[in-house]
Each structure stands twice: as C-alpha cells, then as structure tokens.
C-alpha cells in the first residue's frame, strides 16, 4: 500500500468500526428501557428498524450527492451524523414525556441511519477509486472492522450500561467517532467529485447482470437479518441454551464472517473477471447450509437435535456469505466499466457504491 492508500484504509476502517458498533450498542438494554417508559414492544422494534430504512433511502440518493459534494465531504458528514446522533440518543434519558421520547428516538435513529448510509457509500467510492487493482481484498479487510464493531457493540453496550447507566454506551461510541472527525477532515485525501461525462444511469439500472449481482447482495443481507430475528430463539427452544452460550454462538457467526472475508477478497482479486463464478457457487452452498441449520422433516437424515450440526451449518453459512458478498462490489465495477462502458471516474464509482449499499440495506430491512 502507498501512503494515500494506507490513510484511506485505516481511517475508513476505524469509522466503519464505530458506525457498526453504534448499530447494536443499545440492543442489550434499550427494549427494557423503552417499555419501562410505556413504549410498546412494536414501537421499540420500529425504532431499531428506522436505522436500516433511513440508510436504504439515503443510499439511493448518494448516486448524485457523492459526485456533487465529493466523497470526502460526504464521508465526514456521515461521521458527524452518526457521532452526534449517538450523543443525542444518550441525552434522551432526560426526556420524561413518552410522546416526545418516542419522536426523538425515531428522529435520531433516522439521522444515524442516514449518516451510516452516507458514510458507507462514500467509503466504497474511496475503495473503488483508490484500490483499483485490489477492490475485493480491501473490502474484505474492511469487513474485519465492520464485523468487529458488530461483535463489540452489543457487548460494550451491556457493559457500559451496567457501569454508567443508559447514557454511557452512547456517549462512548459518539465520542469515539467525534474524536476521529478532525483526523478525517485533515488527513482523508480528496477525490475530484465533478465529471465531464454525462452518464445514462437508466442504462445501468436496466442491465440484467446488474440486478442478478445486486440480488445476491440483498439475499446475503436477508440471511443476516433472518438470523438476527430467529436464530437466538431457535437455539433456546431446540437446545434449551441460556443467553450466554447463545451470545457466544452468534459471536462465532460474526467471527467466521470477519476472518474469512479477507481470504475471499484475495481469491476474488486473483480470479479477476471470473469472480462472479465464486459468488454464485458460494451462494448455492450457503443455501444448502442454511437448510441444515433447522432441517425440515423431509431431510430426516440430518440430525436436527445435534448441536454440532447447527454450529457447523452456521459457520458454513457465515463463510459462504462472505464468499458471496465480498466479490459482488468488484463484479459491479467490472460490469459498469466493462460492458456498459462507463468511464473510470468518481461519478461511476459513486453509482456502483450507491447501488450496492441500496440493495445491502434493502435485504437487511
């Protein structure tokens, strides 16, 4: 890596860690806090859902916004939104009225989700523009930061809640991101945001291979969302496990994904134009492993009451998800800049990044 690439990688990685940690920081304690104030469980769930929904909507607009403002400005603005949003969410402890508390919860989560969408889209634009020969490997390495944030977030949230109460977890994550802000503003390199080309975005959006690839992105994140909602309950009901081992099993899923991502990133870059084959094969194998997590009666030869089978299946799903998701961004770049003939500039990179993030959050929601 050159100096410019190292700066982009480490700053993007640290911010990705903070943004990912902020997603689940409040998971261990917010539902109980919200219901104790009179908020219904459904409303509390919608507060969680407001984050990916707003990130989805934001990502769809980044196609035009990133080239207009420049990736650096969007990256910094996204960091501000998530950092300030965390601090503001911590201040909600002082809001006593239930109606105002609910409104502020939604407003702040939308703000944080919008910042996350802006931040990740600009990060992918930086990767496509700065690491042109090692896109998949770089994304795989950045996924380590993301996975680490998703693992640390809930654990850190629960620990700091016990130590310092409701506000402490939000203040900690918010302070971490805001401390990175001046470094990002000064050190993150600028990429020219304007383009002299007039691109036909409709031509990219109706190109069938684009939707096949983007569909794979959405399917992988659907698996993540499905696991978040059902796996813990499945493990508790089927194997009568307590929350601690369930948490360790979910941590195992994230660790397998994070550790395998750089490996598949390197393989993807080595395969070059044939990397789509790896994504397709991995998606197929992951589907088989997903069935084995809770096999139907028709597949009675798979021991459904064996914990090791479930653990092995979860690990295989995690690894297959990484092998499917990591190459797709580079595949999109190949399609747009190859058969579609789009130019090698930030406007094209922003288009690909926005499309990827939109379908990523579409599956997650």
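Count begins at 1; order follows the chain as displayed.
Any Cβ shown, glycine's included, is placed from N, Cα and C.
Same-chain residues lying 6 or more positions outside the transmembrane segment (7-30) and placing a CB less than 8 Å from one of its CB atoms are 1, 44, 47-48, 51, 75, 78-79, 82-83, 85-86, 89, 112, 115-116, 119-120, 123, 126-127, 130-131, 138, 141-142, 144-150, 152-154, 156-158, 161, 166, 169-170, 173-174, 176-177, 180, 183-184, 187-189. Look at TrEMBL and you will find 7-30 (among others) tagged as transmembrane segment.
The domain 'Major facilitator superfamily (MFS) profile' annotation in TrEMBL covers 8-365.
The feature transmembrane segment is assigned by TrEMBL to 42-62 (among others).
Positions annotated as transmembrane segment by TrEMBL: 74-95 (among others).
Packing against the transmembrane segment (101-127) from elsewhere in the chain are residues 8, 12, 15-16, 19, 22-23, 34, 37, 39, 43, 46-48, 50-59, 62, 65-66, 71-72, 74-75, 77-82, 84-86, 88-89, 92, 95, 135, 138-139, 142, 191, 329, 346, 349-350, 352-354, 356-357, 361: each is 6 or more residues past its ends and has a CB under 8 Å from a CB in it. Annotation comment: TrEMBL describes 101-127 (among others) as transmembrane segment.
What TrEMBL records for 139-160 (among others) is transmembrane segment.
Sequence annotations record features per position, and here TrEMBL assigns transmembrane segment to 166-183 (among others). Remote same-chain residues near the transmembrane segment (166-183) are listed as 11, 14-15, 18-19, 21-22, 25-26, 29, 33, 76, 79-80, 82-87, 89-91, 93, 153, 156-157, 160 (criterion: CB distance under 8 Å, separation of at least six residues from the stretch ends).
Feature annotation from TrEMBL assigns transmembrane segment to 204-226 (among others). With a cut-off of 8 Å between Cβ atoms, the residues of this chain six or more beyond the transmembrane segment (204-226) that come close are 276, 279-280, 283, 286, 290, 317, 321, 324-325, 328, 331-332, 335-336, 339-340, 342, 351, 355-356, 359-365.
Sequence-distant neighbours of the transmembrane segment (246-264) (same chain, 6+ residues past either end, Cβ-Cβ under 8 Å): 136-137, 139-141, 143-144, 146-148, 150-151, 154, 227, 231-232, 235-236, 278, 282, 311, 314-315, 317-319, 321-323, 326-327. The transmembrane segment annotation in TrEMBL covers 246-264 (among others).
If one looks beyond the transmembrane segment (276-294) by at least 6 residues along the same chain, the residues whose Cβ comes under 8 Å of a Cβ in the stretch are 213, 216, 219-220, 223, 231, 234, 238, 264, 267-268, 302, 304, 309-310, 312-314, 316-317, 320-321, 323-324, 327-328, 331. Annotated transmembrane segment per TrEMBL: 276-294 (among others), in sequence order.
Look at TrEMBL and you will find 306-332 (among others) tagged as transmembrane segment.
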Original post:
When you scan the chain for residues with a C-beta under 8 Å from the transmembrane segment (139-160), skipping those not six or more beyond its ends, what do you find?
Top reply: 9, 12-14, 16-29, 123-124, 127, 168-169, 172-173, 247, 251, 254-255, 257-259, 261-266, 268, 322, 326, 329-330
Subject >> Long-range Cβ neighbours of the transmembrane segment (306-332) (under 8 Å; 6 or more residues past either end) >> reply: 124, 127-128, 135-136, 139-140, 143, 210, 213-214, 216-217, 219-221, 223-224, 227, 231, 235, 238-239, 249, 252-254, 256-257, 260-261, 264-265, 268-269, 271, 275-276, 278-279, 282-283, 285-286, 289-290, 292-294, 352-353, 355-356
